[in-house]
Amino acid sequence: MKYPGQFSFHVAKRNNKPYQRQAASIPLISLPLSLSLTLQMDMISENENECDVTNLPVVSKKLPKQHFKVCFCFKRIFKHRIYEPPEDIKKLFERYSENGTMTVEHLQRFLIEVQEESNASKDSAQAIFNSLKHLNVFPRKGLSFEAFYRYLLSDRNSAIRRVVHQDMQAPLAHYFIFTSHNSYLTGNQLSSDCSEVPIIAALKKGVKVIELDLWPNDREDGVEVRHGGTLTRPVELIKCLKAIKDNAFSVSDYPVVITFEDHLTPDLQSIVAQMVTKTFGELLYRSESHLKEFPSPESLKKKILISTKPPKELHEASSSAKDETWNVNGEHEEVASHDRDDPTGEENAVPQYKNLIAIHAGKPKGGKDIWAIDPNKVRRLSLSEQELEDAVYTRGTDIVRFTQKNLLRVYPKGLRFDSSNYDPMLGWMHGAQMVAFNMQGYGKYLWIMQGMFRANGGCGYVKKPDFLLEVTPSDEVFDPANNIPPIQKILKVQVYLGEGWHSDFRHTHFDRFSPPDFFVRVGIDGVPDDKVMEQTKAIEDEWLPVWNEEFEFKLRVPELAILRIEILEYDTSGKHDFGGQTCLPVSELRTGIRVIPLHNKKGDKYYSTKLLMRFEFLPAN
């Protein structure tokens, strides 16, 4: 007699996915039952070849000796079987071992020849040995295959480098900077709470630009943070400032920029100046004059910079407040006030507030070219995603030239009430440093953003590609519309296997009555000519799937390419269940066999779920 959990009855469909029967027709049989068990049957179908076990209740009964008519069509095994690693990995171990044992010298050769870690030393190989001692599965002088295999699946064998390795001495304008939009919102843009909690969460994920909307409170004697013209519930400014101070450098020591959207009177600006100065103290960066060039991230370590438009008189601030609310089309008019310079306002500004501003935000007034470059000062310009899309058609090279010295911030259009996000690649292709995202949002564009900023040790600053910073002898800059090069290299990706779902998910998360059927979607996000997605076959009824499939991706702009990986559980309805994702910057990939930790939809890393993959770069044909 098989017990529940060791077999299942035939079901016409499971999640709209038909079962395959082992025989076309199996007669009913009578079984004597005299035992205590837990029944997991709801009813027996009148069709002698089927049993309906959908929505099963669990009932415990003491059964007398009697007969039941049951049709066993086939069985499903629910316990986890041990899978065999791919033959490629077995052969590699045989090649770099002797008599089933891998010595330190063998491991060093493996790191150099297979993983292409040219600087791998005997000491680094010994460190790996020492990290595996807790397994107690290898002889005193070497690694067993099991220990070697666990090393491949360990964090020590990560797919990207975890240290800051780029030049951090260039001006801020030479970097992409991890930027959040409406950083204080806990949910949607219209009715969620404002809180310091999402600010803390963003900083702990490596975000380096925090946005705060400053408004008078109901009594107009204090300052609060809220999304103007909406039903969002405010939070006190001081809570946000303290949260920033306590968490600004939790991921790296590189600078944090706070962008203020200011809707305050001069009196309240004075209060803000006192708050900021008292809260941040020596952490606050002050510039004696308007900057001609931005400092470098290295020189600004452990510093907090304030960026906002020049202060205005009360009537100007009131006008701004109206401009910043939602218009009749539902569009949030952030740029109208956020980036409008006003010399008169500067003359009447509260001095201590004006002195806080390290990065000036604004647009030239009077119809001047917004992309004009002032040789004597630098500034920050903000555009909505829609404004950027419109501008690149006619001013693409001007935008690239502008961002070689100045900062460009791009933010989501106002119709994204649900805090969704947009494709960041258009901004990056044109050199925009601050592509601002709703970090409380969701979806593949958020994953791509998180993937980009896993580069350079996850410090929040990623050096822009050289082609976005170069000027030719004939004074020409990169043209994103016309200068996309031919294929530069080919990325070869082999998807071996995955593990960890049985630890991170309930056993009934994907299917109630059988193990999951996982498949992998893998591809490239980048410039339009590089974008592509492929997928593996689905491995049926397996918590430990082995795909062992290979793909090649041709790359024209590998510097901006993001490797996108998503695991889904197959359903014939097309509504596949999510099983994890990650995005990785192609320029940072370490060649060889690497472990790929997976993340949930918000970008939080799973405890156990991971893939084993292999990467290789091939020359373009």
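For all residues, glycine too, the Cβ spot is worked out from N, Cα and C.
These numbers come from a predicted model, not from an experiment.
Features of the protein shown, as given by TrEMBL:
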- 311-343: compositional bias 'Basic and acidic residues' (COMPBIAS)
- 382-468: domain 'PI-PLC Y-box' (DOMAIN)
- 472-600: domain 'C2' (DOMAIN)
- 311-348: region 'Disordered' (REGION)
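The domain 'C2' (472-600): residue composition by secondary structure is 13 helix, 60 strand, 56 coil, according to DSSP. In the domain 'PI-PLC Y-box' (382-468), the DSSP tally of helix, strand and coil residues is 38 helix, 15 strand, 34 coil.
In the predicted model, residues of the domain 'C2' (472-600) average a pLDDT of 93.
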